[in-house]
Amino acid sequence: MNWVLIRNFAAFWIFGLANNYAYVIMLSSAEDIMDKQQNKNDTYVDKVCEEEITTRHCSTMSTGAVLLADILPTLLIKATFPFFLLRVPFGIRHLIVCLLQIASYFVVAFSVNVAMSLSGVILASAGAGLGELSYLALSSHFSNNMISAWSSGTGGAGIFGSLAYAGLTEPHLADLSPKTALLVMLIVPIIFAIAYWFLMVLPPSVHTVNIIKPKTWLNPKIYPETIKVPPSPTWSEKSSPDSDIVDSSNTTIPPLLPYMIPLAIVYIGEYIINQGLTELIFFNCSHGFSLSRKSQYRWYQVLYQLGVFISRSSVNVIELPRVVLYILPVLQMLNAIFFFFNAIYWFIPHISIVFVLIIFEGLLGGASYVNTFNRIHKEVSPDVKEYCLSIASIGDSIGIVIAGFGAIPIHNIVCNKPLYSHV
């Protein structure tokens, strides 16, 4: 039995889980964050289901605002850091990610206004962005199995994070306050740190840092200003000898666009659903399993993340052909259109149907993510693989940012419509 492989696979699974955990928690608690700062602290009218729905319960600030705070720093980091982060050792990056996560939980838990809450969300976003481009780049020093482990872990973050938050705050379960639930989550950054420094076995190609030797605090490898990039979107392991010598900052991106654009469109659809529409889709007691409005939103997040987890863990079993990567965005946008009209007209008769559709939404998103990065890992030339995996991660973030800006006006459009009864 190859214990080194097992340890590294487990470490990358934990990296995916822990890196995205704070991000997921912030989105799962989005309504609580907004309500807390709008003086809707729960004495909890919202702890019980509604026998009769008489209002849309629109917020003055959509959860899309939390999404933007949760993703804009990530996008900024992904769009700029790959061009100079190669000199920063992975160990130092990992330490920064862990510290950012710890700070985010404390800031949001003890926040006293919207600005402070969103500042905590921004810290979580910065940590997730730095972590994603770092661990995807780190996977280039290992076998292709690490992409599968990382992707499955990120899916696990969704299901375990949203489930943990829903369970800790659900009145029928732990019934903790959002503040206490956030503080309980501090165990995750500790596990995160242990996975890198004690579980993973680093290959010789990865520079290690000695804290008492400042000379080791930067990666000694000098990356060239120019690299060879084959002109084809599908890159074999052998670079063409006739490839032009080009600047790495602006020529690796165009060949990656066939991977990045479909991924971005998938994420536009699913995050418009999650942060702009599902908070406006809720049911009364008889059609909503007697769940309160807030509980329904939290379980929407759980089931979405369940779908993501299943599909992100599937690449070693089912590897999608390239053409399917272009079908997934179409399906996800159709999903978003369906949810938009349901948010207005409320034609879905029972919450169970919404649950199934949300799982399907998560399956599409997870499949797009894991198969995109799996193909890049397999098809990109080894000499640019680390860099390309970092750059390609911009795709999903761009999609989420577009969705965040779109979710706010979409939320307002629905809120300005008359209230319809469930069929």
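If you go along the chain as it appears here, the first residue is 1 and each next one adds 1.
Each residue, glycine too, has its Cβ placed from N, Cα and C.
When TrEMBL is compared with the stretches 147-168, 389-410, the one noted as transmembrane segment is 147-168. Against the transmembrane segment (180-199), stretch 102-127 has more CB pairs under 8 A than any other of 102-127, 147-168, 256-273. For the transmembrane segment (323-345), the residues of the chain that approach it from at least six positions outside its boundaries are 259, 262-263, 265-266, 268-270, 272-273, 277-278, 280-281, 354, 357, 360-361, 364-365, 367-368, 371-372, 375, 410, 414, 417, 420, judged by C-beta separation under 8 angstroms. The stretches the transmembrane segment (147-168) and the transmembrane segment (351-370) are in mutual contact, each linked to the other by at least three Cβ pairs under 8 Å (pairs 6 or more apart in sequence).
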